[in-house]
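All remarks here apply to the structure that follows.
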Amino acid sequence: MSDLKTRFLEVYSVLKSELLNDPAFEFTDDSRQWVERMLDYNVPGGKLNRGLSVIDSYKLLKEGKELSDDEIFLSSALGWCIEWLQAYFLVLDDIMDSSHTRRGQPCWFRLPKVGMIAVNDGILLRNHIPRILKKHFRQKPYYVDLLDLFNEVEFQTASGQMIDLITTLVGEKDLSKYSLPIHRRIVQYKTAYYSFYLPVACALLMSGEDLEKHTNVKDILIEMGTYFQVQDDYLDCFGAPEVIGKIGTDIEDFKCSWLVVKALELSNEEQKKFLHENYGKDDPASVAKVKELYNTLKLQDVFAEYESKSYDKLIKFIEAHPSQAVQAVLKSFLGKIYKRQK
C-alpha cells in the first residue's frame, strides 16, 4: 500500500474516533458500537478513489512541494468527507434499487439486524460531514465555500438520482423515454459532480483558489465523469462480476444505461420491438436475449470507439488549460480511468 494511502486510512480512524465521541450526543455503548460497525461496513470499503484524489490533486497543485503533516491530514479529511457522502448515497441507493451486493458483500440494509434502520444510518452518514468540516475547517478562510460546495453537490446528486428514478420507475416501462440527452443529464448530476468535480474543487479551495475562476475545470471534469459512467454502464453488462465487485443488474432494473440508449439508436424496427419486449424483465432468459442483441449490434466495438474518441477530446480540452498544475491534475484523473476494467 502506498504511503499516502496508509496515511489516508489513519485519518479515517481519527475521524471515526472523533465522531464516536462527539460532545453533541451522549452515546451509550450500544449506540457507539452500532455507529462504529455501520461506519466500518460502509465508508472505507471501496477503492477510495474519490477520497485519495483530493490528496493527489492537492499535491499536484502544490507542484511537487513536500506536503506538511497538517496539509496531508486536512486533504485526507476532505477526501474522507467525499467517501462519507458516497457511503450515504450508496446505502440509500441500494435500498431504492433493492440491490443485493455492494463492493463484494451484502448491502448494509440486507444484514439481518439492519433492514430499514439503514435509512437512518444514511441520514447519520450525511450528518457526519458537517461535523468533520466544522471540527477541522471552521477557522479556514474557505470554510463557507466548503460548506456551500458540499451542499450544492449533494443537491445536484440527489436531483440526478430523482431523474434516474422517475425515468426508470414511474408508470409504464417506456423505452422511448430513453435517449442520449436524458442519459447525459442523469449521469452529469448523479455521478459526475460528486465523483469528479468535488475532489478537485476541494483541492482547489485548500490551495486558496476561487472556484468561480475555474468553471472550465468543472466542465472538463463533468465531461470526464460522463465518460466514467458510460464505462460503468458498459462494465455492468460486459465486466466480470468478480472484478467489478457486483453483479450487474442494469438490464433487469430497466436502467437508462448507455448500452440500451445506443442499442435503440442502432436497432431496426424489429430489434427495437425485441428490446421493448425483453428489457427490464427480471428473468434470466430475457436478460440473455438483451445481451445477445447487444452482441449482434457489436456494442463492444461501438464502446471501444466511444472510449478512444472521448479520450482524445478530453486530452485536447485539458491541454488548452493555461495552468500546467491544473493540467497535471486533470491528466492524472483521466489516466486513472482510461481503459479501466473495474
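Along the chain as shown, the residues are counted starting at 1.
Each Cβ is built from the backbone N, Cα and C atoms, and glycine gets one as well.
When other Cβ atoms within 10 Å of the Cβ of Arg50 (isopentenyl diphosphate binding site) are tallied across all protein chains shown, the result is 21. Under the heading isopentenyl diphosphate binding site, Swiss-Prot lists Lys47, Arg50, Gln86, Arg103, citing similarity to another entry as support.
If you look up Swiss-Prot, you'll see Asp93, Asp97 marked as Mg(2+) 1 binding site, on the strength of similarity to another entry. According to its DSSP assignment, Asp93 (Mg(2+) 1 binding site) is helical.
Here Swiss-Prot flags Asp93, Asp97 as Mg(2+) 2 binding site, drawing on similarity to another entry. Remark: Asp97 (Mg(2+) 1 binding site) has Thr249, Asp253 as non-local neighbours, by Cβ distance under 8 Å and separation of at least 6 in sequence.
Per Swiss-Prot, the feature dimethylallyl diphosphate binding site maps to Arg102, Lys190, Thr191, Gln229, Lys246, Lys255; the stated evidence is similarity to another entry. For Gln229 (dimethylallyl diphosphate binding site), the count of additional Cβ atoms within 10 Å of its Cβ stands at 22 [all protein chains shown].
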Checklist outcome for this item: Same-chain neighbours of the isopentenyl diphosphate site, Cβ within 8 Å of the mean position of the Cβ atoms of Lys47, Arg50, Gln86, Arg103 and not counting those residues, run in sequence order as Gly45, Gly46, Leu48, Asn49, Gly51, Glu83
Checklist outcome for this item: Gln86 (isopentenyl diphosphate binding site) sits from Lys190 (dimethylallyl diphosphate binding site) (Cα to Cα, rounded, in Å) at a distance of 11
Checklist entry - Taking the Cα atoms as reference points, how far is Lys255 (dimethylallyl diphosphate binding site) from Asp93 (Mg(2+) 1 binding site) in Å? => result 13
Item to check | binding-site residues compared (Arg102, Lys190) - the one with the fewest other Cβ atoms within 10 Å | outcome: Arg102
Checklist entry - What count of other C-beta atoms do you get within 10 angstroms of the C-beta of Thr191 (dimethylallyl diphosphate binding site), across all chains shown? => result 21
Checklist entry - When you tally the Cβ atoms that lie within 10 Å of each candidate's Cβ, which of the binding-site residues (Lys47, Arg103, Lys246, Lys255) has the highest tally? => result Lys255
